[in-house]
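Let me begin by presenting the structure, written as structure tokens, before commenting on it.
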Ligand SMILES: N[C@H](CCC[C@H](N)C(=O)O)C(=O)O
């Protein structure tokens, strides 16, 4: 199958047009696991399928490196927008992308050669609280949830950006033990569909340090929906203004809350296009 690797701030996926894998639809989870494997496959944070949509200009399906399918992917939306425009799957610089978590409006900014390096996406309304995600904890928990285990007590704000997020405001995001704490929250029994876990530290009212443990992929260099969730949580808590530069491991994202919609602007980069031979589940 023909594949394209793209990244956004180092959050990288293997992009495949659905027509390339139409006969494999029952095997997408295993294909995502194999293609994401850096030793036996291509190596990525997951796989994203691009195909036609009945409700938008193009459709995106997101599979994490563990094969689980996610409702949304902010960095993926920007790379799909780049791909759709450059491959002429859409007719102009503004168009819509369907995901499992909703339809999102994208705008690309092509350079003089028609190449897209930066994209803005309207990531939809701010959605806060345990009612916006799959949650099986005490109903009394509202926007803030306190996770307690033998060796951990952590408060976080629950946000949905189509996919679920637990945003913890910590002393020093850049030096948080994400690899230890992240999976404890991701797999906590209160989150039956698991959850993405962000660790953030405001360094001013318009700048945020950010680290992430992603559901189904672990530590990634960047998480677009996570950055959106974090700014929404920070504005809600009165810690951030409505325009914020988020400093992720892989670089910066500009997030703006305007008319209670979340806008995300950032890069989208092409790495390579090629052919991947998959030997199937029994390969
Ligand atoms: N791990 C996420 C999907 C990828 C989101 C992230 N890479 C982004 O840029 O938003 C989830 O299971 O909801």
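Yeah, the Cβs are placed from backbone N, Cα and C, and that goes for glycine too.
Per TrEMBL, the features are:
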type     : residues                                     : note
BINDING  : 11, 64, 74, 75, 163, 196, 214, 215, 224, 225 : substrate binding site
ACT_SITE : 73                                           : active site
ACT_SITE : 73                                           : active site, proton donor
ACT_SITE : 223                                          : active site, proton acceptor
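Within 10 Å (C-alpha to C-alpha) of residue 73 (active site) lie the following recorded positions from 214, 223, 224: 223, 224. Residue 214 (substrate binding site) sits 8 Å from the residue listed as 'active site, proton acceptor', taking the C-alpha atoms as the reference points. Each residue in 62, 70, 72, 73, 76, 212, 217, 220, 223, 226 lies on the same chain as 11, 64, 74, 75, 163, 196, 214, 215, 224, 225 and has a C-beta within 8 Å of the C-beta centroid of that substrate site, without being one of the site residues. On the backbone, the CA of residue 11 (substrate binding site) and the CA of residue 223 (active site, proton acceptor) stand 7 Å apart. Among the residues 11, 64, 74, 75, 163, 196, 214, 215, 224, 225 said to bind substrate, no two Cα atoms are farther apart than 16 Å.
Of all the binding-site residues listed here (11, 163), the one with the fewest other CB atoms within 10 A of its own CB is 163. If you take the Cα of residue 163 (substrate binding site) and the Cα of residue 223 (active site, proton acceptor), they are about 11 angstrom apart, rounded to a whole number. The Cβ neighbour count for residue 223 (active site, proton acceptor), using a 10 Å radius over every protein chain in view, is 36.
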